[in-house]
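Below: one structure, written as structure tokens.
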Amino acid sequence: MMKKMSISTSKTSLVLFLCQIISALDVPLDSKLLEELSQPPTITQQSPKDYIVDPRENIVIQCEAKGKPPPSFSWTRNGTHFDIDKDAQVTMKPNSGTLVINIMNGGKAEAYEGVYQCTARNERGAAISNNIVIRPSRSPLWTKEKLEPNHVREGDSLVLHCRPPVGLPPPIIFWMDNAFQRLPQSERVSQGLNGDLYFSNVQPEDTREDYICYARFNHTQTIQQKQPISVKVFSMDSLNDTIAANLSDTDIYGAKPVTERQPVLLTPTGSTSTKVELRGNVLLLECIAAGLPTPVIRWIKEGGELPANRTFFENFKKTLKIIDVSEADSGNYKCIARNALGSVHHVISVTVKAAPYWITAPRNLVLSPGEDGTLICRANGNPKPSISWLANGVPIAIAPEDPSRKVDGDTIIFSHVQERSSAVYQCNASNEYGYLLANAFVNVLAEPPRILTPANKLYQVIADSPALLDCAYFGSPKPEIEWFKGVKGSILRGNEYVFHDNGTLEIPVAQKNNAGTYTCVARNELGKIQNEVQLEIKDPTMIIKQPEYKVIQRYGQVSFECIIKHDSTLLPTVTWLKDNDELPDDERFLVGKDNLTIMNVTDKDDGTYTCIVNTTLDSVSASAVLTVVAAPPTPAIIYARPNPPFDLELTGQLERSIDLSWIPGDENNSPITSFVIEFEDALHEPGVWRYQTEVPGSQTTAQLKLSPYVNYSFRVIAVNRIGRSQPSEPSEQYLTKSASPDENPANVQGIGSEPDNLVITWEPLKGFQSNGPGLQYKVSWRQKDVDDEWTSVIVANVSKYIVSGTPTFVPYEVKVQALNDLGYAPEPSEVIGHSGEDLPMVAPGNVQVHVINSTLAKVHWDPVPLKSVRGHLQGYKIYYWKVQSLSRRSRRHIEKKILTFRGNKTFGMLPGLEPYSSYKLNVRVVNGKGEGPASPDKVFKTPEGVPSSPSFLKITNPTLDSLTLEWGSPTHPNGVLTSYTLKFQPINNTHELGPLVEIRIPANESSLILKNLNYSTRYKFYFNAQTSVGSGSQITEEAVTIMDEAMASRQVDIATQGWFIGLMCAVALLILILLIVCFIRRNKGGKYPVKEKEDAHADPEIQPMKEDDGTFGEYSDAEDHKPLKKGSRTPSDRTVKKEDSDDSLVDYGEGVNGQFNEDGSFIGQYSGKKEKEPAEGNESSEAPSPVNAMNSFV
């Protein structure tokens, strides 16, 4: 097995730019240079580690490498040298290490199975490839077998096994029929991961004789098929002689009609299983269930969530797919199969392991003679991979000695390397799941200077902009770079130039006098070389007449001007845009040399027009808005922003002030309220305009305060209530005289970065704050209360200084003073800093733990001596972790938790502990550098607590007078369970709760059958667990016992009974006769107080119906003794009998709407028109059969 590798190095004195190799020596991507430099071999291409080949084609094992001189190649096979010259079937490609094994001309692929490894070697070292395992693909034929027809009862489950031949790689499985059509799949019928075809329940349409399993072998492009499988589905209703002949007596006479069944898992079997998957792979979990109706599958992760962006459900949610798994995906995954009759579940415990993977990618190392460097190889995996080193393909323990090399675990340290130290090192990281191999060379080069920038290269820049002159170079050791003006001029120095580490010369503000020839010289101890480049300074491009805002009448004509000024050697191009897009392709738009004309203007021409002027060196633009109106502009006053001021003039020049005057532009009907004055420093920030001051709109002059050593230009902007004008043209430039600095750097700090240093930092002064050339900083420091004298150093172009060799964490007084060529700034104020911190030396002592309750503990410790902190005391950290649960006696790794307590605390609280568990903790002191040593681990235990609620409560098997309860133990028992408590009470139709019954159950029970319950009654259950501490939270559930069959058969619809209809007709006839009599008597003139007499002699037989609900009153006592009609409906094959009640109430009731009190008295109403709530979902207006009534409660 092979391992992994990575590299890190110290800084080097060698420099090469545009680097290709991350190392101490930067190697430029210059093809000519790369061809000339010596380099150890590097493997650039190789075949995969597990290489499955087609046995019918030639085998090509790739191995490509580069190096200088070009490497030679050799191979091993199964650990021994592979002499290709002795095998006529094997050849190696020219200038390559790639092997070609000739199979098509008589060779056998099986003869070349094995493990191959390639070595690329030149005079500077040897690189090796991975171990390449060659395996020919295989597609064996299907074993001949006799397949009997499958006779299956309708509704039963069925599995058709595929069992394909074992191939390399495994084949892809699919099911088709004789017509080569894929068999349809659904939630009911689907293919499993193993290729078998699963039927959750079979239906008559599943009968066919051509279920065919196909196996496709991709490497050999072949497809094999299994013999057709016959499936015949029978039901007792359709049983014929042919099918019956193939069935046993039990099948025929024991068969029942198709009945619904609870789910049962077809795969996987049992209640739990395990699966191991590798990091980065795809995790596939499968659950397929039988049942009728067809079960629906749901997936959850216990104690966590499924990763949202990496989780997919396939095969009608029967397969859970998680891509790119990591160790965090380990855990228990539960699939739940559910239908209307119940559910079943299976828990798959997933463990994610990991083949080795890189923490730090390996890199090549290039050094100069005498330099130091480091190779680091770090890998991770599960289990942790082991690391081993090789040098030029040989284990480093037996490789030739190199005095500059020292191996320290995953690190190789090089000191004072020489050219003979060049080699290729291999790092091998391996564990039981795989390996990683990395080649990393150490290349020691000694090269004279070379300049890579072309000779006499021409640079062109715009005046007052930066000029960058390149001098790309290479050399080992690192060459020193110097620049000269002209061929024999003096060396360039001073603030006017900036010298970059890559050799580039920068002129921040290039002027006309900077044009000319510049010479770059590179030298090291092996030689010297120089190169010349040319610099030309061009005038900037300017728009001296900008387009202006226009308002134009519709169908009119408008023009925008754009007059430019440019360098005579540059060819400008002028482009016009409309709303930042190209002009419309319309002949109405006419583009002239310095203008844009729009003919016959329309509303769509409204917008912003921009003139852009481009040269090869610069670009400028200006914009104006066009507004199209429907009618000529009215004579009303038009308000606009003011025109810019003009004729700026500088007078009264003094060292620190100057007078500026100007002439205001047109105010455009809105008075000017103020003028804003801005300045540009062409010496330090060319092209950047900054705010100087603002004066009232009544002034046209201003006295401006100036700073020394600034090349000033001024411009003025007029402001009215509409807005700001365009800036005026800049004034003439005015360079103030130099002076010593007026101020010192701000934000001075002294903070150590290492235990033996002090880093002094400050905010450097800006260019216009320098007051003169030669800006530098005087950095001073002394140890507080120890040193009387200051130690000082003068630095330039930096913003920090590192003082080395300081004691650890002691106070220092520091100050930073600015100076230039004309003198010092005022004396700066001192600030207090500290040298660098080191890790604390002492662990907190006397650690004590006081357990307050089952979830909270208080930790005490003695503070460490402040001297041992060796830094700013930031606080204390408590590391604590759970060792094991005392109730389960199982150990498992729990990640450590950390609590931080700020300041010099001596105690801390640990919340959120798990009851009845064993914990360990230690305490560490923390400073700005990090953590000190840990105190000895302290063990403590939490007492028992109350348990969590039971994991589930399931109520099954309802009968007339019993229910079965099943439950799961609490997920967190938090102690030793002593018992369970079950409480339950009935619920009547008005949702009122009945008397509460309590039962105590031993802790080792997981189910209970409750007997002697009332039929057709809903019960509410409350269930919890107890420890010796008390009761945990409860879980609730409701269930209903089954309705009595005889009772159900007696509920009928009263409105459909003959006697009731006759009674209603008689009442209606009596009322009609009374109305006729009253009408006749009134027509005769007589007065007969019908209503009063009816009220006085009310006949109960002719009382009208109530208007509010349309129903009659209840039966009288006499009615209760009338004989009841017989004839209630019962199933033909079942007879409902009950000795104490032979009568039927079908003639009196209204189906399920008829109701009885607890004593059996009838409380229904005659009408049948008022809707009542259906009993347990039965909405039929007819009396339900006992079978239907029972099903409605299931």
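Note: Cβ is positioned from N, Cα and C throughout, glycine not excepted.
Copied over from TrEMBL, here are the features:
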type     : residues  : note
SIGNAL   : 1-24      : signal peptide
DOMAIN   : 41-129    : domain 'Ig-like'
DOMAIN   : 136-230   : domain 'Ig-like'
DOMAIN   : 263-351   : domain 'Ig-like'
DOMAIN   : 356-443   : domain 'Ig-like'
DOMAIN   : 449-536   : domain 'Ig-like'
DOMAIN   : 540-627   : domain 'Ig-like'
DOMAIN   : 644-739   : domain 'Fibronectin type-III'
COMPBIAS : 725-741   : compositional bias 'Polar residues'
REGION   : 725-745   : region 'Disordered'
DOMAIN   : 744-838   : domain 'Fibronectin type-III'
DOMAIN   : 843-945   : domain 'Fibronectin type-III'
DOMAIN   : 949-1045  : domain 'Fibronectin type-III'
TRANSMEM : 1059-1080 : transmembrane segment
REGION   : 1089-1194 : region 'Disordered'
COMPBIAS : 1089-1109 : compositional bias 'Basic and acidic residues'
COMPBIAS : 1131-1140 : compositional bias 'Basic and acidic residues'
COMPBIAS : 1178-1194 : compositional bias 'Polar residues'
Same chain only, please: residues at least 6 beyond the ends of the compositional bias 'Polar residues' (725-741) with a C-beta under 8 Å from a C-beta of the stretch. Say none if there are none. 546, 641-646, 648-650, 653, 655-656, 658, 660, 662, 665, 678, 680, 682-683, 689, 706-719, 765, 769-773, 775, 818-825
Take the region 'Disordered' (725-745) and count its residues per DSSP category (helix H/G/I, strand E/B, coil), listing them in that order. 0 helix, 2 strand, 19 coil
On the 0 to 100 pLDDT scale, where does the domain 'Fibronectin type-III' (644-739) sit on average? 93
Taking DSSP helix as H, G and I and strand as E and B, the domain 'Ig-like' (449-536) has 3 helix, 47 strand, 38 coil
What are the helix, strand and coil residue counts for the domain 'Ig-like' (540-627) according to DSSP? 3 helix, 47 strand, 38 coil
Which residue counts does DSSP yield for the domain 'Fibronectin type-III' (843-945) in the helix, strand and coil classes, in that order? 4 helix, 57 strand, 42 coil
